[in-house]
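Undergrad: Provided herewith is a single structure, encoded as structure tokens, for subsequent inquiry.
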Amino acid sequence: MKLLEERMLKDGNVLGKDILKVDSFLTHQVDFKLMKEIGKVLAEKYADRGITKVVTIEASGIAPAIYVAEELDVPMIFAKKHKNITMTEDILTAQVYSFTKQVSSTVSISAKFLTSKDRVLIIDDFLANGQAAKGLVDIISQAGAEVVGIGIVIEKSFQAGRQLLEDEGIEVTSLARIKNFNDGKLNFMEADA
Ligand code: 5GP
């Protein structure tokens with residue numbers, strides 16, 4: 001997605017050898033116009049696939065996911081990273097190791113929001129080693145629902161996430177694919193949409 005790649009080149013900052021900071025438009029301050037475009041492109045790709053729910057993980061997946069859900073006209077559910085005392089009903093959980101925070105946490109979705117009839121599109125801001133997405137696939141499978149695909153805003157293609165998900169037979173659609181960060185500069189490979 002050209003608009004996204006241009007914005008990453010303009011406002012993204014490479015930290016160390018494998019982290020991209022995009023807090024001015026995606027992970028902290030949010031550019032809703034860009035998110036709306038992202039929502040349109042991902043929704044168009046999955047428009048005729050019978051999606052009934054969009055699922056993401058808090059916090060940075062929520063902004064793109066809500067616009068995908070709006071375009072597809074289906075509910076958006078975000079997995080919670082902290083158990084809340086109001087979550088008294090049945091919950092579906094998975095362990096997720098966070099690449100950026102380097103800690104493992106339990107993520108959960110209330111069982112009442114997913115059924116075996118659901119066809120789910122997972123959305124996330126970044127794909128690195130695939131642990132966040134894998135945790136969501138795990139939760140959705142516990143509900144007996146089907147994962148139709150995974151839409152990613154920024155894929156770091158030099159990490160193992162895409163392979164891990166494709167090995168499980170899941171289609172990955174990434175709007176920007178980073179081949180490497182040579183000398184702190186972003187180099188892209190061809191994106192999926
Ligand atoms: P994974 O689970 O695929 O290893 O990592 C995905 C999650 O880690 C994303 O939900 C995102 O929050 C975070 N993440 C991974 N890599 C980056 C990165 O380079 N920059 C930022 N801002 N977040 C990242």
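In case you wondered, yes, glycine gets a Cβ from its N, Cα and C as well.
From TrEMBL, for reference:
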BINDING   LEU20, THR27, LYS156  xanthine binding site
BINDING   ALA128, ASN129, GLY130, GLN131, ALA132  5-phospho-alpha-D-ribose 1-diphosphate binding site
DOMAIN    34-157  domain 'Phosphoribosyltransferase'
Undergrad: Cβ within 8 Å of the xanthine site's Cβ centroid: which residues qualify beyond LEU20, THR27, LYS156?
TA: GLY12, ILE19, LYS21, VAL22, ASP125, PHE126, ALA128, ILE154, ILE178
Undergrad: Quick check for you: of the binding-site residues ALA128, ASN129, GLN131, ALA132, which have their Cα within 10 Å of the Cα of LYS156 (xanthine binding site)?
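TA: Candidates kept after distance check: ALA128, ASN129.
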Undergrad: Distance check, please: Cα of ALA128 (5-phospho-alpha-D-ribose 1-diphosphate binding site) against Cα of THR27 (xanthine binding site), rounded to an integer number of angstrom.
TA: 15
Undergrad: Inside 8 A of the center formed by the CB atoms of ALA128, ASN129, GLY130, GLN131, ALA132, which other residues of the chain have their CB, for the recorded 5-phospho-alpha-D-ribose 1-diphosphate site?
TA: TYR97, PHE99, LEU127, ALA133, LYS134, GLN159, ALA160, GLY161, LEU164
Undergrad: Please tell me which one of the binding-site residues listed here (ASN129, GLY130, GLN131, ALA132) sits closest to THR27 (xanthine binding site), measuring Cα to Cα?
TA: ALA132
Undergrad: Neighbour count, 10 Å Cβ-Cβ cut-off, for THR27 (xanthine binding site): what number do you get?
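TA: The Cβ of THR27 (xanthine binding site) has 19 Cβ neighbours within 10 Å.
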